[in-house]
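A.B. asks: Swiss-Prot feature annotations, pasted as is:
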BINDING   Asp489, Asp495  Mg(2+) binding site
DOMAIN    556-615  domain 'KH'
DOMAIN    625-693  domain 'S1 motif'
Amino acid sequence: MFNIHTKSVQFGEKTITLETGRVARQANGAVMVTYGDTVVLVTAVAETSMRAGQDFFPLSVHYQEKFWAAGKIPGGFIKRETRPSEREVLTSRLIDRPIRPLFPKGFMNETQVVAQVLSYDPDYPSDIAALIGCSAALALSGVPFEGPIGGARVGFIDGKPVLNPTVDQLAASRLDLVVAGTRSAVTMVESEVDFLSEDEMLDCVMFAHESFQPVITAIEELVAEAGKPRWVVEPVQVNEALLAEMNDKFAAQVTEAYAIPEKMARYEAVAQVKAAAMEALGTIEVDGQSVKRSEEVASLFKKIESRTLRQNVLQGKRVDGRGLTDIRPIACEVSILPRVHGTALFTRGETQAIATVTLGTSRDEQIVETLSGEYRDRFYLNYTFPPYCVGETGRMGAPGRREIGHGKLATRALTAIVPSAEVFPYTLRITSEITESNGSSSMATVCGAVLAMQDAGVPIKAPVAGIAMGLVKEGDAYAVLSDILGDEDHLGDMDFKVAGNADGITALQMDIKITGITREIMAKALEQARAGRLHILGEMGKAMTTHRAEMSAYAPRIHTMKIHPDKIREVIGSGGKVIRSITEETGCAIDIEDDGTIRIASSDQASAEQAVKIIKSIVAEVEKGQVYEGKVVRITDFGAFVNILPNKDGLVHISQLANRRVQNVTDVVKEGDVVTVKVLDVDRQGRVKLTMKEMEEGAAE
């Protein structure tokens, strides 16, 4: 019934196993990947023909985590997996990015890759197994995929790279790096970094590339045994005669249009040239009948655009007139919105972002439910890319995959500089509203967010800046571009985003569309990026050099205090009675952690200080010899009970009421009287003995 083929290879501390032929046999390609106790099923299916009029490659990648894979039931009212989580979206993008460039031009059949986590080992993240499985499934399927590729995660612990670190190792690592690539080249890099140098980063990238070579070998061996016949895809035929005619008539006009530095004016000029080409050549007469070839003309026009830009770049001429290493003009403003806790407007050329910071309490932390359990984020960033920022109309609503991905990249870039909860006990929500875009909006988000945090009074560890780099390569000739425009990104060979400062890198993301990117080219790009981000930091420093000493008047004030864990129940009270009364009396929000840490949030200083005073009095220990002012709360025949601290009464025996013989307690004190008492003793059971005699003697003296 089954024709099972299996390949295993040592991959870090564990063995990775690839199996095909047992599950999902009706898919074009299917692989079960096992790493530790993590098991991922990956399938690849492609339509046998393309849709009529299809002009792009409809590839979709879906990474799915099933809660039952970790022995869990989803929380909430709906007890099943519904829309993709942020982690699923990010992992889907992580897989999509290195495989998409490896399909040949002209292949436009709808292709779908699905990776499902069937068993989850909390020690090892499942994304690398899913990435490798997608590569294997596509290679087995017979679709024209120029793979296989491999992938690996690398940490940096005690000054050395670590292959496929465990979750615990990652917590102690200064690096979380994912690299994917073919046998000969790196094609994708994603990372979160704690200030590693350019050389250290490059070493880790190459270490990852070398480490996943045995995995590529295992996939190739599996394909040799069980792979399906490769689909034949006819190479795209270029109508050389039509291309030559278009070059003669319109190439010079395209060159003129691409000399216009302003984006919208350039787009309008290019659109006019394209419209003229479509009108002149979009229809031809064949045997007396009109035949449309507008799609062919549009495709060739794009080739002319690409060639024009790329040739200009290789000659040192960029679209907007800059040199290869020049950064666009930068303008930085802070405190632009009066009621927001921290704001910045960061403008770099025709890319602009409004960054905001909102400070909250621990109640505002983001609760995230994952296969490994529930956790809380006290720092999160939301990136929004509305259609108006590029002069278009379009969908508005929930964030798409691109917005989630760009937001996560900016989050990674900033994580290393966010102060700990002990230093700054606030929840930080950052938003980035892209108001103009012409390339590198995610890096504008990083720069704007740093300024907004400083404006909000957040004591960041150090300012960082982000920059997007590009590459144009033809044969052995290449040019690395700093601070790329949207056109340079679209028509170039590499998108290379780096964030950090003079001390090192905090985030690196790289997507390469071609093969043959050498270590030398990557090193040049990293060094050029370093110079660029230092220039940007200098411009940012003109707006703010450090964080504000005072936070916004509209931001909450959080005071932190520590009590003994045994005292927590006294502060909370029966059914929350005590803490509720403190909140009502002071107007403060109070959070208590299991270790006795108390955070008091208030809109004004006086209320917070009042809450602190009340809590201190609740948890205070009665000390022998200490003098208190208290209220008489109960009268008995043998004495008076006086409340000296919240929830703490002491007894003034009738013999200790005065320096004379007292017949009746009420002759000296009555219920409700405020008296001064001194502690005589506290017995083992916590009972407090008080005296008023010594107070009387002190007053007499």
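Each Cβ is built from the backbone N, Cα and C atoms, and glycine gets one as well.
Just so it is clear, the model here is predicted, and its values are computed rather than measured.
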A.B. asks: For Asp495 (Mg(2+) binding site), which residues of its chain lie six or more apart in sequence with Cβ-Cβ distance below 8 Å?
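C.D. replies: In sequence order, Ala468, Gly470, Ile484, Asp489, Gln509, Met510, Asp511 meet the Cβ cut-off.
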A.B. asks: On the 0 to 100 pLDDT scale, where does the domain 'KH' (556-615) sit on average?
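C.D. replies: Computed over the domain 'KH' (556-615), the mean pLDDT is 88 on the 0 to 100 scale.
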A.B. asks: Which numbers of helix, strand and coil residues does DSSP report for the domain 'KH' (556-615)?
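C.D. replies: Taking each residue of the domain 'KH' (556-615) in turn, the totals are 32 helix, 16 strand, 12 coil.
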